[in-house]
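Asks: Sharing a structure below in structure tokens format, with a few things to ask.
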Amino acid sequence: MVLFRSVSALSKLRSRVVRQPSLNSTVRWLQIQTSSDLDLQSQLRELIPEQQERLKKLKTEHGKVQLGNITVDMVLGGMRGMTGLLWETSLLDADEGIRFRGLSIPECQKVLPTAKPEGEPLPEGLLWLLLTGKVPSKDQVDALSKELRDRATVPDHVYRAIDALPITAHPMTQFSTGVMALQVQSEFQKAYEKGIHKSKYWEPTYEDSMNLISRLPLVASYIYRRIYKDGNVIPVDNALDYGANFSHMLGFDDPKMHELMRLYVTIHTDHEGGNVSAHTGHLVASALSDPYLSFAAALNGLAGPLHGLANQEVLLWIKSVVDECGENVSTEQLKEYVWKTLKSGKVVPGYGHGVLRQTDPRYTCQREFALKHLPDDPLFQLVSKLYEVVPPILTELGKVKNPWPNVDAHSGVLLNHFGLTEARYYTVLFGVSRAIGICSQLVWDRALGLPLERPKSVTMEWLENFCKKANA
Ligand SMILES: CC(C)(COP(=O)(O)OP(=O)(O)OC[C@H]1O[C@@H](n2cnc3c(N)ncnc32)[C@H](O)[C@@H]1OP(=O)(O)O)[C@@H](O)C(=O)NCCC(=O)NCCS
């Protein structure tokens, strides 16, 4: 017994000291595989007490440290630059872009397990990373793939709820309805009604989160097949991983499209906590609403054109360029079209960002995918031309803080290339992926016992009076 304990302690110790030598110092500790490590929930059970202690220490030792000043501009300007949320799973740097638990996208592409050599990361690996802060082994990811497949059962009433909507209803409306219909199976709600102790909240939250993540591709692909493929639904393939299965159920079995879907789902998962969908999910969950209720609310935020719907808007806009100017549009024509868009009081979709001040690395990795797999695609070439034309024009406008492309500027042309041409559906794909980030953080919200979110609001009169006094 003593020997067993010391072997297991040794393996835990080793798991914290092994590093991937080729990566820079920000890369998290890599762990060595042990058989018990295959279970994600038991890993969390081990991690939670140490993170609870860490939060307690932060509160008691540094609770009164100031993080900056709040200005009137910030209050009137959508809270830009105001640090006000705890979000463990990822952190966004204005110049570098997103890091998932400390790992940049290129680092994730290097260290996360793939389906094939030199391939794109498996989204299950990112889910593991977001939940635990550790890079999983291929065996762990395979076990998680299987667990997600085993959980992927959708009751019939969900499909009937979707079918009650007109087929013309926006795919995001159908998706959000489907998620609300899934909610009747919430384990958290059941446990809460039975009077579960708050220290155990994270457990049914974990169950709901994993069930929700596993079921979303079924609901999402049902909607796609319902609207665009005469309702011919394609069942799960038990031999496939999460991303490939999703692509398969949508009706796309080109191995390159499977790779694209793995990459797509991986990079859209999480973008720290302040963006509209993540923040909405977190806010709603802070009222102890279960993951289904919280995520449905998040989806409704994602459905806005300044947020997730921008991926739909980009492809429609690119196609409108082609309709008006043809595929071989000249740089001059493109400049004119961009100005025409701006002068008609619209934004150039896919450009700009609330936090980023450089090209989004999610754009860059999609561009690399295109250069590798579809360099001659005419719409990809148009996207490349836009990269040269749009930023100087937005800079010339003088008010745009970030003239560079974001994630949505690129995703549509990749999907379009492999036959997923229906732009109105694109935000649903984003939604499937975003569940992975929001739910991972939600498990930690519950584990850390984060409180009800309730910032203070004020009126214009209050601000005027406050400023008068401040300037007196
Ligand atoms: C993402 C976005 C909403 C960020 O908004 P923000 O933080 O307020 O951005 P800024 O501070 O740079 O905005 C300042 C001004 O520039 C404008 N602006 C920003 N991006 C622009 C764009 N792509 N095209 C035209 N104008 C833009 C804003 O509309 C705002 O104008 P206003 O003062 O007349 O209201 C904004 O860049 C945008 O609308 N982009 C296009 C939609 C999109 O791609 N969304 C997906 C984001 S991942």
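Sequential numbering from 1, following the chain as shown.
Every residue, even glycine, has its Cβ placed from backbone N, Cα and C.
A TrEMBL annotation is a machine prediction, not a hand-curated record.
Below, the features straight out of TrEMBL:
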- HIS307: active site (ACT_SITE)
- HIS353: active site (ACT_SITE)
- ASP408: active site (ACT_SITE)
Asks: In sequence order, what residues of the same chain, 6+ apart, have a Cβ less than 8 Å from the Cβ of ASP408 (active site)?
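Replies: When sequence neighbours closer than 6 are ignored, ASP408 (active site) has GLY308, ALA310, ASN311, GLU313, VAL314, PRO349, GLY350 within Cβ distance under 8 Å.
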Asks: When you measure from the Cβ of HIS353 (active site), which residues in the chain that are at least 6 apart have a Cβ under 8 Å away?
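Replies: Looking at Cβ-Cβ distances below 8 Å from HIS353 (active site), excluding near sequence neighbours, one finds ASP360, ASN402, TRP404, ASN406.
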Asks: Which of the three DSSP states, helix, strand or coil, fits HIS307 (active site)?
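Replies: Assignment for HIS307 (active site) reads coil.
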Asks: For HIS307 (active site), what is the tally of other C-beta atoms lying within 10 angstroms of its C-beta?
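Replies: Here the count is 18.
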